[in-house]
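Positions annotated as NADP(+) binding site by Swiss-Prot, on the basis of sequence analysis: Gly165, Arg166, Ser167, Ser190, Ile231.
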Amino acid sequence: MSATIISGNFIASKLREELKQRIRILSETWMQPGLAVILAGDNPASSVYVRNKARTCGELGIHSKVFNFSADTPQKIILRQIQDLNANPEIHGILVQLPLPSHIQMNEVIAAIAIEKDVDGFHPCNVGALATGHALFRPCTPFGVMKMLAEYGIPLQGQHAVVVGRSNIVGKPMALMLLEQGATVTICTSQTRELASHTRSADIIVMATGKANLLTSDMIRTGATVIDVGINRLADGQLCGDVEFSGVKEKAGYITPVPGGVGPMTITMLMNNTIEAAEHAKAKAQIEARCGSMQ
């Protein structure tokens, strides 16, 4: 048995064609969607991620602008930039590339973003709203995973899902989204004792630990769906996920590859959230215009 490969590249390409149509409508009837990215420090991986996001914006027709800050930039300067972007009507989404330099308080910076422009879904209000099923924007990586599961018709209602990872970016929101769809969710970490005893009972496993090849074929049941969010670089320069792909794919029912799995979906859902933010802004502007004309 060999697993069906869940291609993030394929699903992302399909979704991006739909996004282009929404962007075209916005651009023709109102204005071009705009995304601002704040990059602080000189983390090479962050620079690559930001370039990829800016390139995707250009390919789809979203206006983007990157604001680069040196690693020693005071936090107040970054907060001032966010305030300016909050007030800029041509910017509909604001993204702060993580991680930030150690002297900057991430929570304070994220909380400074206007909720209606929080396209990463990390603002405390959006995080709280996600717990009640009413988030304005959903965090992009778990949102992308949910789209992948839906595209391949993988059932969630009543299924046992194990999420390995507890980050605010992936693990926690992933668990909430699976719960929302009726799954029974177990949350583990890379330090969970007897991790295999949990993963072997799972219908769906989401790996998000940053530990290369942590999940092996003896840790899953036959036919399980395995989603690999991890991306790690080995000593020889090769990329791999948190899943030992070659072995696990012979036992799983569905599996995502690394690269070409979850990664393309994360960026695509960021684009989706930016477009939604622009659509919300357009609707608000139209309502305000109608109200103004009635006075």
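We number each residue from 1, going along the chain as drawn.
Glycine too: its Cβ is placed from the backbone N, Cα and C atoms.
Structure coloured by features recorded in Swiss-Prot.
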| residue | record | Cβ within 10 Å |
| --- | --- | --- |
| Gly165 | NADP(+) binding site | 23 |
| Arg166 | NADP(+) binding site | 18 |
| Ser167 | NADP(+) binding site | 16 |
| Ser190 | NADP(+) binding site | 15 |
| Ile231 | NADP(+) binding site | 17 |
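When the record's NADP(+)-binding residues Gly165, Arg166, Ser167, Ser190, Ile231 are compared pairwise by CA position, the greatest distance found is 16 Å.
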